[in-house]
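Pulled from TrEMBL, these are the features on record:
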REGION    1-33  region 'Disordered'
COMPBIAS  1-13  compositional bias 'Basic and acidic residues'
DOMAIN    313-406  domain 'Transglutaminase-like'
ACT_SITE  321  active site
ACT_SITE  380  active site
ACT_SITE  403  active site
BINDING   443, 445, 492, 497  Ca(2+) binding site
């Protein structure tokens, strides 16, 4: 580096009176380490070649060699050594002559960043001793032969994670001699869920296999009435992904010295995963127009997104909650933090965190969109990361909620978590970070109210069970669904649930008591409605049933409103209005069918084919209002995937993707994506159109690299139809 560029570097970050060194938050940058550090004047006859000299350092870094096998890092497509902290690894040093312990003195140096400092954990000198202490930096000689020594090196169980540079330093009477900078000996140190002293230690081997080593997962979406699932390729071991994940911490300007702490890493990552306020990885878009970008539904995994961000340094367009959560999961698993993707069905987005979502009805009983600010997401995805919480009282470690989707600001930035799941369940929302917001997402009540002319608010109905009815994640070791609602909340209506709520209110979650509100529930008449399961492009019906429990006759005026909604519960357009009057005889039931034609909804349909029906009915004799709402999703056709040829690692095979257009219209601007970790990198192909009822076939040739059970994932995206997926499990044989 010339003097001028160095001067420019220093000018860029002016030093202030507070710190002697500029902040150190880049793992990429390096300082220059002198090969010879003299102790003063060097006598004329001094020749470094007379002393012990390092000829070569052998890192045992191949996937089949001891280090990557023992450290569970053999799946990373990365030529460098990758180990986990708190667990020893082996290296061999070849000298120019046999090593003599009585007179020769050498040590190892691990350095990170531009300003390595011992007290910050970015400069680590390791002397060779006779024993390794568990969980502390150290090295010992395990074997000597000829000019070589074998060392066992132990990284501290709390050391910072990232990429270290390795030097060997040798002491001579007049100077310290060091090995030359050699990128081939760079060593990545990651979190270690297998090590008891590590903050992310997880004691169950099946869970470690799933939450750290599985590179494919399942995203549950749809809604509570109709749960759908799709695969997502996390790809945390793919080429360059580890460097891309480390770059995210540089981008978030997390000091290197803080990178041993999973709490800090999760907090800054939840901000940098979204592009709001820091130009982070993914730009969110919830308005159904995805110009100059990829529709959120078209992504099949995280790899393309992370690689694009790593090379362009600009936000990747576009994501919605499952995309943020999928990429966040890749980041966490890649660094060795156990993580899983969670779906909360009927998730409250409560703008003022008062545990109450207000839906205002107008005089006809329709929802007043001007007054209603809160929304219920059909589902919302976030992540859980596993770690101890030494910053909280005992008992709040374990799974922590972290959420990269930009919803509300926390300490001035769009981020959320880590919030202890245990604290949320028991209502201890005083513990950092963002527990009240997550508590509201799974525990709010829905209030249906009417505004009287004089401005008073009359509550017509309170629904205490709709929000957070089901919280799920992928099961360990399979593709099924695991219900984890009980980890977030006690059973509806139980004493423990009331107690947790009172605790949350005591700790400052705002909740208005029902006593303050004029509210007399209506008990004479029950109303329910069912939406028939329907396939996209077909007609279907909605059946509304009234049950009169009383001995009186009543007449009701009912109103059905069908809306096309984003999965966030925000309405795009009302496509169906239907009113009718009904006479209800004493102690009897009556049902009414309303037919919804495909022509009524197809033109406005959004990508998740999601509808929201509101049925409100006024009992004319008493003036009471019945209100009910349900979301429903149309069945979307799937892609078919087949393989041709033998499925053997290292040999060519074919993957065939087929799709038949079921709609009564031509699909325009069709994009297909196909990927499978270990089988093929993401490939995409564009087709101008698929006429109605015709079938598209696409054949891709590839050479699978890894044997074992692998998953192929495909998606189709077009102007009129999105969220079309297909997947296939394939068993790749060893050659």
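Cβ from N, Cα, C; glycine included.
This view paints the features noted in TrEMBL onto the structure.
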residue	record	Cβ contacts under 8 Å, 6 or more apart
321	active site	377, 379, 380, 381, 382, 405
403	active site	270, 324, 325, 382, 383, 415, 416, 417, 438
443	Ca(2+) binding site	348, 355, 467, 468, 489, 501, 504
445	Ca(2+) binding site	355, 356, 357, 462, 463, 464, 467
492	Ca(2+) binding site	464, 465
497	Ca(2+) binding site	489, 490, 491
Protein Cβ atoms within 10 Å of residue 380 (active site), excluding its own: 27
Cβ-centroid neighbourhood (8 Å) of the Ca(2+) site, 443, 445, 492, 497 excluded: 464, 465, 467, 468, 489, 493, 501
Model confidence over the domain 'Transglutaminase-like' (313-406) (mean pLDDT, whole number): 90
The domain 'Transglutaminase-like' (313-406): DSSP-derived helix, strand, coil residue counts: 15 helix, 41 strand, 38 coil
